[in-house]
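First the structure, in the form of structure tokens, and then the observations on it.
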Amino acid sequence: MAAMVISQFFLGATLVAALAYYPLMLAIHRVIGIVILVFAVVRLVNRLRHHPPAFLTTMGPLERKVATWSERMMYALLVLQPLVGWALVSASDMPVTLVGPVHLPGIAPHGIAVYAALRTAHTVLAYLLFAAFTAHICAVVFHTVGLRDGLLRRMTIRPWR
């Protein structure tokens, strides 16, 4: 999922600069966005149904709070960002094409004011997601390389042996 999020940052940034490839890049951006939305919802449901592993003993109370709230923020952004993108396309009066003949229903009313607000929201959420994602990666690298406390094992599906 991380690779898809990273690719979306590059695709989204390139969309505004590479007009010759805009239709192709937008199509790829939409598909990856919907896949991220599906994965994020599945992960969120799984997270709500199962208790997370215990925090590491190397993490103090403040670090635990920061980790908890940053995780919540990441889940919120991973769900909100694709939904706002979907609404953005819906407001543009273009069909929300996923792949070929597969269309998604519009989830926002058509209109230039709605489109402008959603475009701004999509951009702001992208920057927030980029900042949260970067902070998350830095924290993981710090714990894995700096502290060597096994944090990465806590984040994987099956713990390492």
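Keep in mind that glycine also has a Cβ here, set from the backbone N, Cα and C atoms.
Predicted automatically and left uncurated, TrEMBL annotations should be read as such.
Worth saying up front: this structure is predicted, and the values here are computed from it rather than measured.
Mean pLDDT, taken over the domain 'Cytochrome b561 bacterial/Ni-hydrogenase' (1-156), works out to 91 on the 0 to 100 scale. As annotated by TrEMBL, domain 'Cytochrome b561 bacterial/Ni-hydrogenase' applies to 1-156.
What TrEMBL records for 28-45 (among others) is transmembrane segment.
If you look up TrEMBL, you'll see 73-91 (among others) marked as transmembrane segment.
Tertiary neighbourhood of the transmembrane segment (124-145): same-chain residues 2, 5-6, 9, 12, 56, 58, 67, 70, 73-74, 77-78, 80-81, 84, 151-152, 155, selected by CB-CB distance under 8 Å and a gap of 6+ residues from either end. Taken from TrEMBL, the feature transmembrane segment covers 124-145 (among others).
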